[in-house]
Amino acid sequence: MAPILFLPILQILLIYCTKSAQAQLNISIGSSLTPQEVNNSWISPSSDFAFGFRAVDGNSSSYLLAVWFNKIADKTVIWYAKTSSNGQDDTIPVQVQSGSVLKLADGALSLRDPSGNEVWNPRVTDVGYARMLNTGNFRLLGTDGATKWESFGDPSDTILPTQVLPLGTALHSRLLATDYSNGRFQLNVQDDGNLVLYLVAVPSAYYHDPYWASNTVGNGSQLVFNETGRIYFTLTNGSQINITSAGVDSMGDFFHRATLDTDGVFRQYIYPKSKQARSLWQEQWRAVDALPENICQTIQTKVGSGACGFNSYCTFDGTKNTTNCLCPQRYKFFDNERTYKGCRPDFEPQSCDLDETAAMVQYEMTPIDRINWPLSDYEQYSPIDETECRRLCVIDCFCSVAVFNKPSNTCYKKKLPLSNGNMDSSLQATVLLKVPRSTNSPSMISSGSSKWKKDKKYWILGSSLFFGSSVLVNFLLIFVLLFGTYCSITSRKKTQLSQLPSNSGLPSKIFTYRELEKATGGFHEVLGTGASGIVYKGQLQDECGTNIAVKKIEKLQQEAQKEFLVEVQTIGQTFHRNLVRLLGFCNEGTEKLLVYEFMSNGSLNTFLFNDTHPHWSLRVQVALGVSRGLLYLHEECNKQIIHCDMKPQNILLDDNFVAKISDFGLAKLLPVNQTQTNTGIRGTRGYVAPEWFKNIGITSKVDVYSFGVILLELVCCRKNVELEVADEEQTILTYWANDCYRCGRIDLLVAGDDEAIFNIKKVERFVAVALWCLQEEPSMRPTMHKVMQMLDGAVQIPTPPDPSSYISSLA
């Protein structure tokens, strides 16, 4: 009886051992795979990856030959076989029906359809065996163990950690998520050493102008996705260009991939792998970095439709790192699934036989909110007012969109097809779309031209008899009033300009005090207060109702006037994603006001110091954003700018929590050949560098010191100085962080913050960077360029010296 009972157990063990062996041993000559059967894939030893037949999404009778993530529910495809299309350079995905066979025989790997015709082979011979590696790489090897062919060497749209793309290779996006044909975008590692993203004119392989390039012609070497999760482009001199900066999540805790998506964005993704990661994160792919950051704004091609199809526009969601293509009102997609084909009007196009009056009756210009097609202009008028701009487009049968720029009184006309459409929140112009009037009936439209031609002369005759006697007087009165108002406003604005430096790089808009008083509702809603004034929320009386923040300088002393001029001069000559944009100013007598773009998520101070910790990923995003902004001020402006008052209150967050540096009232501008300056003490207690209290020159390193304090506050979600803490040693964050770092107890700084604990390696890195920034000796502090490299993980961080004094500025 015992042997009989033991037999089933032995069979189970044999089955288990056989499956385990299949996942670990070499794939030998004679092995084969077929769709729709248990034996349809070869699995890596870790079971993380599989190579074989995968059903095409939405088509259970068609199969790809592919490599995929085997432990993820949706079996994400990372490689798929392609074959040449009619002998041309472009390729198509290999798709076969059930009954097809993939066989490793006679020293070669061959895929044949049910009729026995070969549909794919990797074109290598003398193959001894194959392997599905734990890296996701499928290899064919000779009997001597040398690699004959590998999937890593013939990439599709995705690369994985440990994968390298040498010169002459490329990634091709898919046409759709479910259509594996070559799509509209390519990432090329060119033979000339340049790494380039191209828009492609499908179905051909013709490239339009690149929308991103590394600009390394003659110097580029290879694109690397290393084992730590960093993606960079190496140069022939050994240096590196970071392509993404997200190499921070443990390879043991997350699956990683980088894919050229169907929208043209090269994104790096992670997926929770370990039990601990799955307990903290949703089991789905999460984008942690992207190139370009906002493709809607990046692609501006002279030929081609742009990021989306013709007559459509592109929108970008920064919180989800996604793009979307939409049609403007009264337009619809040619194909709702294949939106890249663009949009068409849902109404009959305007007839060129209509006279002006009939066109005005049948069509109107309706404003659309911050949507623009920047390269579709075919006519321009200036100077002109908005009413005339509308009229000129309505009566022109070619015109579909008009853009009126109020500051310059310029009108631009655009005709179909419209290209490079995007949603632009910074757009200050009024965009007008021509559509049929809603009151039009079909009979009215068809007969409008003849009817108005017939009646027009009678209408003109009657109205001229009735109004003829008074029109001249009315015209003269209106002209006098308008001319007087114009002269008054012009005089005030000239006075404002005369009080400012001639080379100040002023913003384009000069406001009157009355305009800003009206925009803020009488300075009613307070957003915040500072040493030199109060900031109010307002709304411009433009077509878009643009929200603004108005800083009203309250102090009338000479120092306040100086700060006002410094701020106008400083921000007026800067433009960067991580700097708050100055839209305009008012300088009427004692009234000094600055008009900024409105930041909907307030200051970092409010965001960071509350009862709930913001997500770790958002804090990292803010830290990187602030560092980029400071790098721009210190090293990338025409004149070096030292902010001098970096603190959380002066870092604002927009709709997508992008950090923007603000409040340049204490800033110092240095000529190109000058690196330090002498000035009085500036800044805010707790963030001021020690050299402010010494008789030495001030350099950009004072901002680096302040950034070190802010970085620690971002890590720990607490202020630098907190008097009401249980442990006196924790009162001053910079002291406590140094002690924790020296003792190897960084975890104490983020106790109770599960996300930070999970990313403890990056927490340790950020703390080390902060301690370098907080060195008392300015020359010991890194530049912001070096800070960026350390935060990104691009360079090793040596152990920072123990600073002799963090808060000498508090004494």
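Using the three backbone atoms N, Cα and C, a Cβ is placed for every residue, glycine included.
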Cysteine from Cys352, Cys399, Cys411 that Swiss-Prot links to Cys389 by a disulfide bond: Cys411
Residue among Cys352, Cys393 that, according to Swiss-Prot, closes a disulfide with Cys399: Cys393
Per Swiss-Prot, cysteine bonded by disulfide to Cys308 (from Cys296, Cys325): Cys325
Candidate annotated as N-linked glycosylation site in Swiss-Prot, where the set is Asn39, Asn610: Asn39
Disulphide pairing with Cys314 per Swiss-Prot - partner from Cys296, Cys343: Cys296
Swiss-Prot annotation, disulfide partner of Cys343 among Cys327, Cys397: Cys327
Reported mean pLDDT - the topological domain 'Cytoplasmic' (486-811): 81
Rounded distance in angstrom between the Cα atoms of Cys389 (disulfide bond) and Cys399 (disulfide bond): 11
Secondary structure content, the domain 'Bulb-type lectin' (24-153) (per DSSP, counts of residues): 4 helix, 64 strand, 62 coil
For Cys308 (disulfide bond), the one of Asn226, Asn242, Cys296, Cys314 that lies nearest, given that the recorded positions are compared by Cα: Cys314
Set of same-chain residues at least 6 away whose C-beta sits under 8 angstroms from Asn39 (N-linked glycosylation site): Ser32, Leu33
Listed recorded positions Asn226, Asn237, Asn321, Cys399, filtered to Cα within 10 Å of Asn26 (N-linked glycosylation site): none
Cα-nearest neighbour of Asp645 (active site, proton acceptor) within the listed recorded positions, Asn237, Asn321, Cys411: Asn321
Integer Cα-Cα distance in angstrom, Cys325 (disulfide bond) to Asn226 (N-linked glycosylation site): 33
